[in-house]
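Sequence annotations record features per position, and here Swiss-Prot assigns domain 'RNase H type-2' to 1-194. The feature divalent metal cation binding site is assigned by Swiss-Prot to 6, 7, 102, with sequence analysis given as support.
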(Lines of atoms letter the chains of each structure in order from A and count residues from 1; the text may use other names and numbers.)
(Lines give C-alpha, C1' and ligand atoms only; values in the text may rest on other atoms or scores of the structure.)
Protein backbone atom coordinates (compact mmCIF):
# COMPACT_ATOMS: atom_id res chain seq x y z
CA UNK A 1 0.00 0.00 0.00
CA UNK A 2 1.33 3.43 -1.01
CA UNK A 3 0.28 6.34 1.20
CA UNK A 4 0.52 10.08 0.63
CA UNK A 5 1.05 12.40 3.61
CA UNK A 6 0.79 16.16 3.89
CA UNK A 7 0.49 18.78 6.62
CA UNK A 8 -1.34 22.05 7.17
CA UNK A 9 -0.92 24.83 9.70
CA UNK A 10 2.87 24.79 9.75
CA UNK A 11 3.19 28.59 9.67
CA UNK A 12 0.35 29.44 12.06
CA UNK A 13 0.82 31.30 15.33
CA UNK A 14 -1.96 29.35 17.04
CA UNK A 15 -2.97 25.74 17.47
CA UNK A 16 -1.67 22.40 16.30
CA UNK A 17 -0.13 21.40 13.01
CA UNK A 18 -2.32 18.79 11.30
CA UNK A 19 -1.34 15.95 8.98
CA UNK A 20 -3.27 13.37 7.04
CA UNK A 21 -2.27 10.08 5.45
CA UNK A 22 -4.28 8.71 2.50
CA UNK A 23 -4.02 5.57 0.38
CA UNK A 24 -5.81 5.49 -2.98
CA UNK A 25 -6.23 2.76 -5.58
CA UNK A 26 -5.64 3.70 -9.21
CA UNK A 27 -9.40 3.85 -9.82
CA UNK A 28 -9.97 6.09 -6.79
CA UNK A 29 -7.09 8.32 -7.90
CA UNK A 30 -8.74 8.78 -11.32
CA UNK A 31 -12.23 9.34 -9.87
CA UNK A 32 -11.05 11.96 -7.38
CA UNK A 33 -8.93 13.71 -9.99
CA UNK A 34 -12.00 13.86 -12.25
CA UNK A 35 -13.89 15.47 -9.34
CA UNK A 36 -11.27 18.24 -9.25
CA UNK A 37 -8.95 16.99 -6.50
CA UNK A 38 -5.74 19.01 -6.34
CA UNK A 39 -3.62 20.83 -3.77
CA UNK A 40 -5.91 22.13 -1.02
CA UNK A 41 -4.44 25.64 -1.35
CA UNK A 42 -5.79 25.82 -4.91
CA UNK A 43 -9.35 24.96 -3.83
CA UNK A 44 -12.03 27.09 -2.19
CA UNK A 45 -13.20 26.16 1.31
CA UNK A 46 -16.51 24.95 -0.14
CA UNK A 47 -14.80 22.80 -2.77
CA UNK A 48 -12.51 21.25 -0.13
CA UNK A 49 -15.51 20.47 2.10
CA UNK A 50 -17.37 18.94 -0.87
CA UNK A 51 -14.40 16.66 -1.64
CA UNK A 52 -13.98 15.29 1.91
CA UNK A 53 -16.80 12.69 1.81
CA UNK A 54 -15.63 11.53 -1.64
CA UNK A 55 -12.05 11.14 -0.40
CA UNK A 56 -13.16 9.30 2.74
CA UNK A 57 -15.42 6.96 0.73
CA UNK A 58 -12.95 6.20 -2.06
CA UNK A 59 -9.70 5.96 -0.05
CA UNK A 60 -8.43 2.49 0.81
CA UNK A 61 -7.39 4.00 4.13
CA UNK A 62 -7.02 7.46 5.65
CA UNK A 63 -6.15 8.95 9.03
CA UNK A 64 -5.36 12.27 10.72
CA UNK A 65 -2.64 13.25 13.17
CA UNK A 66 -1.70 16.39 15.11
CA UNK A 67 1.36 18.01 16.63
CA UNK A 68 0.36 20.34 19.47
CA UNK A 69 1.45 23.92 20.06
CA UNK A 70 3.25 22.66 23.17
CA UNK A 71 5.18 20.13 21.06
CA UNK A 72 5.99 22.85 18.53
CA UNK A 73 7.40 25.04 21.31
CA UNK A 74 9.33 22.17 22.92
CA UNK A 75 10.75 20.46 19.82
CA UNK A 76 10.34 22.87 16.89
CA UNK A 77 7.93 22.90 13.98
CA UNK A 78 9.76 20.25 11.93
CA UNK A 79 9.64 17.64 14.70
CA UNK A 80 6.02 18.49 15.55
CA UNK A 81 5.08 18.17 11.86
CA UNK A 82 6.84 14.81 11.67
CA UNK A 83 5.00 13.69 14.83
CA UNK A 84 1.67 14.67 13.24
CA UNK A 85 2.53 12.71 10.08
CA UNK A 86 3.77 9.71 12.08
CA UNK A 87 0.58 9.69 14.17
CA UNK A 88 -1.55 9.72 11.02
CA UNK A 89 0.49 6.87 9.52
CA UNK A 90 0.29 4.83 12.74
CA UNK A 91 -3.53 5.11 12.75
CA UNK A 92 -3.80 3.40 9.36
CA UNK A 93 -5.10 -0.19 9.50
CA UNK A 94 -2.17 -1.50 7.41
CA UNK A 95 1.53 -0.60 7.45
CA UNK A 96 2.36 1.34 4.26
CA UNK A 97 4.91 -0.16 1.88
CA UNK A 98 5.83 3.31 0.60
CA UNK A 99 5.09 6.78 1.99
CA UNK A 100 4.97 9.74 -0.41
CA UNK A 101 5.92 12.86 1.54
CA UNK A 102 5.04 16.32 0.23
CA UNK A 103 8.12 18.58 0.12
CA UNK A 104 11.88 18.15 0.21
CA UNK A 105 12.42 16.96 3.77
CA UNK A 106 12.15 13.25 4.54
CA UNK A 107 10.09 11.99 7.44
CA UNK A 108 12.98 11.16 9.78
CA UNK A 109 10.77 9.33 12.29
CA UNK A 110 9.39 6.90 9.68
CA UNK A 111 11.34 3.61 9.56
CA UNK A 112 9.91 2.41 6.24
CA UNK A 113 10.37 3.29 2.60
CA UNK A 114 9.50 6.84 1.58
CA UNK A 115 9.91 9.31 -1.26
CA UNK A 116 9.79 13.10 -1.00
CA UNK A 117 8.02 14.94 -3.81
CA UNK A 118 8.36 18.70 -4.22
CA UNK A 119 4.87 20.11 -4.80
CA UNK A 120 3.57 16.59 -4.32
CA UNK A 121 0.13 17.93 -3.42
CA UNK A 122 -0.27 19.02 -7.06
CA UNK A 123 1.33 15.88 -8.55
CA UNK A 124 0.10 12.91 -6.49
CA UNK A 125 -3.61 12.39 -5.79
CA UNK A 126 -2.93 10.67 -2.45
CA UNK A 127 -0.93 13.68 -1.23
CA UNK A 128 -3.58 16.08 -2.57
CA UNK A 129 -6.26 14.08 -0.75
CA UNK A 130 -4.19 14.22 2.44
CA UNK A 131 -3.81 17.99 2.09
CA UNK A 132 -7.59 18.40 1.70
CA UNK A 133 -8.46 16.18 4.69
CA UNK A 134 -5.90 17.88 6.92
CA UNK A 135 -6.96 21.39 5.86
CA UNK A 136 -10.68 20.78 6.39
CA UNK A 137 -10.06 19.12 9.77
CA UNK A 138 -7.78 21.91 11.00
CA UNK A 139 -10.08 24.67 9.73
CA UNK A 140 -12.99 22.97 11.51
CA UNK A 141 -11.03 22.96 14.76
CA UNK A 142 -10.17 26.64 14.29
CA UNK A 143 -13.88 27.49 13.87
CA UNK A 144 -14.73 25.59 17.07
CA UNK A 145 -11.90 27.32 18.95
CA UNK A 146 -13.13 30.68 17.63
CA UNK A 147 -16.22 30.17 19.80
CA UNK A 148 -14.00 29.68 22.84
CA UNK A 149 -11.71 32.61 21.97
CA UNK A 150 -13.94 35.01 19.99
CA UNK A 151 -11.62 38.01 20.32
CA UNK A 152 -8.99 36.39 18.05
CA UNK A 153 -11.12 35.76 14.95
CA UNK A 154 -9.74 32.27 14.27
CA UNK A 155 -12.68 31.50 11.97
CA UNK A 156 -11.33 34.21 9.64
CA UNK A 157 -7.59 33.42 9.56
CA UNK A 158 -7.23 29.89 11.01
CA UNK A 159 -4.47 31.03 13.36
CA UNK A 160 -2.16 32.56 10.75
CA UNK A 161 -0.37 35.81 11.57
CA UNK A 162 -2.76 38.26 9.92
CA UNK A 163 -3.01 41.90 11.01
CA UNK A 164 -6.27 41.05 12.83
CA UNK A 165 -4.61 38.21 14.74
CA UNK A 166 -1.52 40.26 15.63
CA UNK A 167 -3.71 43.09 16.93
CA UNK A 168 -5.74 40.63 19.04
CA UNK A 169 -2.48 39.32 20.51
CA UNK A 170 -1.43 42.85 21.46
CA UNK A 171 -4.86 43.60 22.95
CA UNK A 172 -5.62 40.28 24.68
CA UNK A 173 -2.29 38.47 24.92
CA UNK A 174 -1.64 34.88 23.88
CA UNK A 175 -3.74 31.88 24.90
CA UNK A 176 -2.33 28.57 26.13
CA UNK A 177 -2.74 27.27 22.55
CA UNK A 178 -0.55 29.93 20.94
CA UNK A 179 2.90 28.89 19.77
CA UNK A 180 5.10 30.88 22.13
CA UNK A 181 8.23 30.12 20.10
CA UNK A 182 6.61 31.75 17.06
CA UNK A 183 5.41 34.77 19.04
CA UNK A 184 8.85 35.64 20.43
CA UNK A 185 10.12 36.03 16.86
CA UNK A 186 7.15 38.18 15.88
CA UNK A 187 6.93 40.35 18.98
CA UNK A 188 10.12 41.62 20.62
CA UNK A 189 9.84 41.84 24.42
CA UNK A 190 9.29 45.61 24.39
CA UNK A 191 6.44 45.40 21.85
CA UNK A 192 3.66 45.38 24.44
CA UNK A 193 2.61 41.73 24.05
CA UNK A 194 1.29 40.44 27.35
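Cβ atoms are placed via backbone N, Cα and C, with glycine included.
Here the structure is a predicted model, which means the values were calculated and not measured.
Sequence-distant neighbours of residue 7 (divalent metal cation binding site) (same chain, six or more apart, CB under 8 Å from its CB) are 17, 18, 19, 81, 84, 85, 102, 134, listed in sequence order. Those residues of the chain, other than 6, 7, 102, with a C-beta within 8 angstroms of the mean position of the divalent metal cation site C-beta atoms are 5, 8, 19, 20, 85, 101, 103, 120, 121, 127, 130, 131, 134. The binding-site residues listed here are 6, 102; among them, 6 has the most other Cβ atoms within 10 Å of its own Cβ. Mean pLDDT for the domain 'RNase H type-2' (1-194) in the predicted structure: 95.
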